[in-house]
Structure formats: structure tokens, C-alpha cells
Amino acid sequence: MEERNLTVIREFVLLGLPSSVEQQHLLSVLFLCMYLVTTLGNMFIIMTTGFDSHLHSLMYFFLSNLAFVDICFTSTTVPRMVVSILTGTKTISFAGCLTQLFFFVSFVNMDSLLLCVMAYDRYVAICHPLRYTAIMNLRLCVQLVAGLWLVTYLHALLHTSLIAHLSFCASNIIHHFFCDLNPLLQLSCSDVSFNVMTIFAVGGLLALTPLVCILVSYGFIFSTVLKITSTQGKQRAVSTCGCHLSVVVLFYGTAIAIYFSPSSSHTPESDTLSTVMYSVVAPMLNPFIYTLRNKDMKRGLQKILFRCIVFQQQ
């Protein structure tokens, strides 16, 4: 009977955002605009850091990687949700659901780890400026980013494999706008205790360890900043770190509320809203945070726009 039930559910129904039909069409326009802003904003960051020689530093190398991940992050969920609303097609195949889950877990973890590395980079630059070039170099950072991609893919593969071996024999309706871990576990008629334990153990290691490293790094940074006598030096250090810290708070605050809170506190509405905040809103705000509060980025962006205008006039 169990083996037969494994073949019953071959697709899931993604209900999307909890709203009326009229509201869903308005939301589709809103999310499409947010997706375009996210994509264009992060592409500008990648172009600016690539074309402006003054931004060829490790801090902007990590920022361009974060921008690339944010584009992929939102592309995993938002385009399909918009198409689903516009066409009325809410079904997704079992294989498609697992594929979406794999890439979502990969990119969300890569976002987390990159934020951690960026915090450590700022710690070394501010607390140990004379040793910065000895500790941080391009070759090491490229190898580090490559290693992070490998870790995130292996972690995503672990969760995807565990989900693939579960039985889904009751309902195929997912109260979410994409295939996420918690909604899938709630639908399974198998014992999911090992999956839950894996989320808290392995997922907690990959989520909370970077958060602790970020907090420790900023603890040392703030301690060093307080010792700086120059007002201009303090303002530059706070400006540089303030952008990154704003992104960290927005990203981690909502992500932890979903994956590391008691299951009794979860509701489809609260989970969906929290997920939208860290998977859609945060990647959209990142370009504004890093460009509007960063003089070097604003200067580089102005150069890019000026070149585009001159090229069009020619």
C-alpha cells in the first residue's frame, strides 16, 4: 500500500500568496516589478564593480558575488509564481518541485555564507589594516567562494534527497508560492523526524555559525571604531559596515523566524510573509543599500551611466 501511495502524488499544487483573485493579479504585477528592480539593480552592481578599476578590491568582489546570488535567488521562485498567477496554472511536477527546492536551498545558504565572509573581510580591513593584504588575497578569496558553492550544493542535495524518499499520499496542496522544506514536510505521510533533525543540525550549522561569526566580527569592529580618534575615520568605517549590517539584519531576522522557530507557531500566512521578506524584498533592497550609502559605488555607477549616455549619443 505504501509503495502504491508513493506513485499517487506526481505533482503538487502551489496555492501561492493568500489573497483573492483580484489581489493576486495586483500582486503578480507588484512581484514582477520587484523582480525586475532586483535583477537590474544587482546587474548594475556587477557591471559597476567589473568596469570601474577603483572597485577592483576584495570587498567589491564579494559584493558582486552576492549580487549574482541574489539574482539567482529570486529567479528560483518569483518568475514561476508570476506565470502561475497570470496563466492560472498552479501545478508543479514532483521533479520540478525538488529542483526548485534544491536551488532555493543552495542560494539561500550561499547568501548566508557570503554575508559571513563579507563581515570577516571588513573585520580584517578595519581591525588589522596593515595585515589585510597578507591575510586576504584574490586567489584565496576565489578558492573560498568556490568552496562555499560546493558546500551549499552538497547541503541542498542532502535535503533534496531526504525529501525525495518521503511518501506523499494524503494531500498535494502546498500553502506557499514555491516548494519549501516546511510545507513539504507537513504534507508527507512518512516519519519526518530525521528530516526535522537534519534541518536543525546541519541547517543550523550552516545558518547560525555564519551569524555568530558575523556578530563576533562586528563586535571587534565596533570596539576598534570606538578607539579611532578621527571623526572622518569613524564615519567611513560606520558607513562601510552599516550597509552590510542592514542587509544581515533583514536577511537573518526573517529566515530564522521560519526555520528555527517551533512548528506550533507556523501558519501559512506568517511563513509566506517572512519568506517574501528575505527571499524577495531583501535581494531587491540590497542594491539600494549598497549604492545609496556607498560613495565609491555611487561614483562608479555614475561613470557607467555617463558612458552609456555618451555611447547612445554617438
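Every residue gets a Cβ built from N, Cα and C, even glycine.
For 41-290, the entry in TrEMBL reads domain 'G-protein coupled receptors family 1 profile'.
Per TrEMBL, the feature transmembrane segment maps to 25-46 (among others).
The transmembrane segment feature in TrEMBL is assigned to 58-78 (among others). Long-range neighbours of the transmembrane segment (58-78) within the same chain, counting only residues 6 or more positions beyond its ends whose Cβ lies under 8 Å from a Cβ of the stretch, are 31-32, 34-35, 38-39, 42-43, 45-46, 49-50, 100, 103-104, 107-108, 110-111, 114-115, 117-118, 121-122, 125, 136-138, 141, 145, 177-178, 240, 279-280, 283-284, 286-287, 290, 296-297.
Feature annotation from TrEMBL assigns transmembrane segment to 98-120 (among others).
Taken from TrEMBL, the feature transmembrane segment covers 140-158 (among others).
Marked as transmembrane segment by TrEMBL: 192-225 (among others). Using a Cβ-Cβ cut-off under 8 Å and counting only residues 6 or more beyond its ends in the same chain, the transmembrane segment (192-225) has close neighbours at 109, 112-113, 115-116, 119-120, 122-123, 126-127, 151-152, 155, 158-159, 162-163, 166, 181, 185, 234, 237-238, 241, 245, 248, 252, 255-256, 259-260.
According to TrEMBL, the feature transmembrane segment maps to 237-260 (among others).
Per TrEMBL, the feature transmembrane segment maps to 272-292 (among others).
For the transmembrane segment (272-292), the list of distant contacts is 17-18, 31, 34-35, 37-38, 41-42, 44-45, 63, 66-67, 70-71, 73-74, 77-78, 104, 108, 175-177, 180, 243, 246-247, 250-251, 253-255, 257-258, 298, 301: same-chain residues at least six beyond its ends, Cβ to Cβ under 8 Å. In the predicted model, the domain 'G-protein coupled receptors family 1 profile' (41-290) has a mean pLDDT of 84.
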